[in-house]
């Protein structure tokens, strides 16, 4: 009896299960249909989280892009910029990682100072770049330059820089100057980095006051504030960091076609291309901090169709003459990178193998007394 | 040259320019008056409209905003004792004391008039100075900047007067709290006790509100009555304030000059200038007894300096692209959005725009101060309202302001924690400005000292600029001492020896004892926490601990050897209100900021202020409308809690 009872009950259960399955399937189908129908629909309001303060570089960058994106997207959504500063952008990115909806209505704007802590396993970081998909990236370049008392042209200045200890004003050991510090070390320069600057601008002031022997600026600041110094004979450009081409190779910077890249200078000095752990670290931090300096990201679960819509919108406007004209003042002579190319470079940059990380930790400790 | 001057003057008086500037001025006044918002919130209101605007018009609008922020925040500092921004901290000391003596209108009118004159002097200085400023700005290296922070710190000695050791201990504690966060030299994190909130250090707004505003609110609640404890004559006071500025023309001019020059130095600007000028006012006064208790000079000096300083701060912003203050940093972002790259080019290719900026500043200063002067009389009547009605509104306002600092729960808790300290300091009469000076100047003092040593080695302290500022510091410390010695000797010789020479004995109370124990405990605890730091990363907190501990011990020793006069220091009721404050914080986190604030106002007004139900309900709804409106217009957020998302989306 008992057995029979259980048998019927399992039978009943089986029938129920089947019915439920069918029901679920129908429900699921209708769900996916409705989901697909919604897919390409751009939300009316997009909240763009900027983990930096109002008026900062990334904020200005986002405010420059938002009308372009809004105009180009179907339905012209309202893009609302939400500044969440703190922790050098870690706080805002952490909040985004927890709260962002993946229906395409949440975007995040990141910068080198969001990427670096994630690469260095900062304990405060609770976000993960593999959880996000990039829409667009804008690159920047940078130039290292020296006081004219080191040498009147690049060659003599470089020689003098390698022969004596030189001072460089920087923000902190793991800040945006990190690849520059690695590059200078690889060239054999004895760089005494003075930390505690609150911006690259303060570093430039220290150079202009004659306190720092060498300095480094990213492209837009270099063009507006260092080029006049170079013309007045108060600064000598040494080399640029270069830019990353689509294949991931470092080539000459279109903003500074006459300046050799770090790679070229290294080759010239050592007779071989740079390699090894140090170069690996340089390349990764250069890629994530310069080649992909600022990124628009969305959560990975955002519907693919929507991601494609966003990317296409960006593609549509970056080729227009008007954009190019206005972007020249904001972004320098660089074209934004869009879609899968960004994903590829980003994946490559953010994955650091153990040997490189170990080298970096040792190097930071021994050269700059910093622990990571 | 002159054609450019005149063409930009012409630009200034076009209708569109004036209209947009007026818009900027109005926005600036509103965000200036609401504490905690300041220039950054105002800029974020205007920035979205900026992209694509005609540069001269847009610059007029931005300058309208920048110019009036240090004017508008005077309302909160004088009337409510709330330091609206870093530019008005020194104003609180005497301004609020004057308001308590029924002279709010006088303090306000002289503050606004000196703001206006200061701003004008700043703009005039800037007109000529901007052309030759570059070499001067560059002559201030890290070592001179360090000496300037020392000059600011030396004002502690001026401000703490008779209780020097208590003042030093307060300053040491300020330095220690200011050292929380990342060590500028090594990137190490100090004294964060594993709390994410402390990684960036405590925000200045939170500390300023906690140390000044919260204790005053509690004190007034305990005392009952209105802010003004003496009858106030608004009209007479208003005219008196104008006359005061006339009598103190020399002080106004000197402070405006100091303000505009210090403002040009990138990296310091707002944080030292009001203390330096306040200290200057104290030193140059013959009768110092009223400072801190409501001396009009204590209002005039920082107010004439801070608008001039806002003008001066344009120099590094325009010439070097390095902002001289927080507001200037946002202004810099605005320039970039307009497609203007600050730098040498601003003088060489955009000189006309540069002058448009400078003169918009001057014009906006006049407009803003004139508006405030008109408003001063009616608004000052707030001080006659029974404080118990204002208290819940002000409490919500300062919590709103504090939470905008980093939008973290920690902001509210830190406000309460600093508030406890503020209440203890206030009740025991320890110098709260000394604490704030230490806190504000700690990061600058540390990083400039480190940079000076790294860049220049021992030569850093032999530079002429360093020696000049060093001499100023010594003068600030010793001239008052010599002068009082002189006076004493003269009195002694005229009256006869030994009759007046006896110094007053130190005072001591229960809170003093509690503070000694707590501060020495803090020192010991912090010493253990910084034990693992590297030499360079740990030198500043160790120095702060040493100052704190040694001055505490010296004061204890003074009390032991000189038989102190026992003083009754009440704390019971204050403690109760503090507990209430923390309960309010808890309610806000649990229920949501808007809900808890509304309920709190309603209950407080009904039960404690005993207002009519409909009045209380109306005021509580007003609070809700204010908070919801602010969130809407400025895209602000509040702690959401359980009920807010459900009620307010």
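From the backbone N, Cα and C atoms, a Cβ is placed for every residue, glycine too.
Curation does not apply to TrEMBL; its annotations are automatic.
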Candidate ranges B:287-306, B:387-406 [criterion: TrEMBL lists as transmembrane segment]: B:387-406
Recorded stretch that, among B:111-133, B:197-214, B:318-341, B:412-428, has the most CB pairs under 8 Å to the transmembrane segment (B:435-453): B:197-214
Stretch contact, the transmembrane segment (B:412-428) with the transmembrane segment (B:387-406), Cβ-Cβ under 8 Å, 3+ pairs: yes
Recorded stretch that, among B:197-214, B:318-341, B:614-634, has the most CB pairs under 8 Å to the transmembrane segment (B:20-42): B:318-341
Stretch in B:49-69, B:197-214, B:318-341, B:387-406, B:614-634 most in contact with the transmembrane segment (B:353-375), if contact is a CB pair under 8 A: B:49-69
Within-chain partners of the transmembrane segment (B:49-69) [C-beta distance under 8 Å, separation at least 6 from its ends]: 11-12, 16-18, 20-25, 27-29, 31-32, 38-39, 42-43, 85, 87, 119, 307, 310, 327-328, 331, 334, 337-340, 353, 356-357, 360-361, 364-365, 367-369, 372
For the transmembrane segment (B:387-406), sequence-distant contacts whose Cβ falls under 8 Å of one of its Cβ atoms, 6 or more beyond its ends: 34-37, 41, 80, 82, 197, 200, 203-206, 209-210, 213-214, 217, 220-221, 224-227, 412, 414-415, 581, 584-585, 588, 593, 597, 600-601, 604-605, 608-609, 611, 619, 623, 627, 630, 636, 638-639
PLDDT averaged over every residue in the domain 'DUF112' (B:18-436): 86
